[in-house]
Amino acid sequence: SRSLVITSGEKSFEVAQGEKVTLPCTFEISEEDQGSLDIEWVLIPADNQKDEQIIIMYDVDRIYDNYYPALKGRIQFTKSDPGSGDGSLDILNLKAADTGTYQCRVKKAPGVQSQKIKLTVLAKPARTKCSIEGPQEIGKDITLKCTSQEGSALLSYDWRRVSGTQGLPATSMLNKNTGELLLKNASKDYSGTYHCVASNRVGTDECSVELNVTPPINTAGVIAGAIIGTLLGLSVLAFLVFCCCKKHREKKYEKEVHHDIREDVPPPKSRSSTARSYVGSNRSSLGSMSPSNMEGYTKTPYSQVPSEDFESRPGQNPTFASSKVAAPNLSRMGAVPVMIPAQSKDGSIV
């Protein structure tokens, strides 16, 4: 006689992150197995000190899938009726944390069988970038780099040329682990488009780069041109600074001259004002003179005062009045009356 047996044979899976995996668990029941059918999947921890964790179970025509919160909503039996002989398990939207060892157990008294399956969730290569290191000049060594920023180990890189001869140059050296392609003593024939493929066990990713090998640059000419350009630029800058400073000084000078008014210098007097002051002062002197000092005063020539500076009424002679003019009544003021000299037509004092 024979008892219950598990017929599925695969025991190891490597699947890309985000994809779906089916862990197989098919079985056959013998006539001796008369008990109730019980199918359960458990996750065996890497640490032996921890207990196994039931993730899903089929018992007496019922399915229980609320045992393991980390896989809730992402696990299911492949068949709607696992009791028909297929207790395989589907895990959806795989994550890196789903990596581990899973065990399928089938019980139908007196038969009991189990099978372990190892699951490894890997990340595909992603965000792969190609770049060029070193001057792209004839005779120089040039390095093409290829790097994937995402992806599980073990990553492998491969370069190929997709233009021209379709083959890598004879002097090229490829490191599949680092993704570096060294082109020694480059020539113009090395120019073209290079393509890199990054891969691991679950996927691939690609990138390309354009290589253009040119003759060496005339360094001396570039340096000389840079020096000349710098000197010209400094000259122009110095000229502009000079012009700005000169203009600023001119504006400052004009402003100072415009606003520089000396308060201690009185404004100039007009000729008429001067003449009036002169005549007024002489008249005052005449009024205070006594007969004793009249002789010294008569020596002063009246002709020294410009005749145009005297104000006179229309039709009157600017000369002094004749002797008919009476002296002012000074008796009331307590002063001695004096004679006021008059000028005759010939200019003599009367």
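Note: Cβ is positioned from N, Cα and C throughout, glycine not excepted.
All annotation found in TrEMBL is predicted automatically rather than curated by experts.
Here TrEMBL flags 2-120, 125-214 as domain 'Ig-like'. What TrEMBL records for 222-245 is transmembrane segment. The region 'Disordered' annotation in TrEMBL covers 255-326. The feature compositional bias 'Basic and acidic residues' is assigned by TrEMBL to 255-266. The compositional bias 'Polar residues' annotation in TrEMBL covers 270-306.
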Take the domain 'Ig-like' (125-214) and count its residues per DSSP category (helix H/G/I, strand E/B, coil), listing them in that order.
3 helix, 51 strand, 36 coil
In the domain 'Ig-like' (125-214), averaged pLDDT is 94
Residues in the domain 'Ig-like' (2-120) grouped by DSSP into helix, strand and remaining coil
9 helix, 57 strand, 53 coil
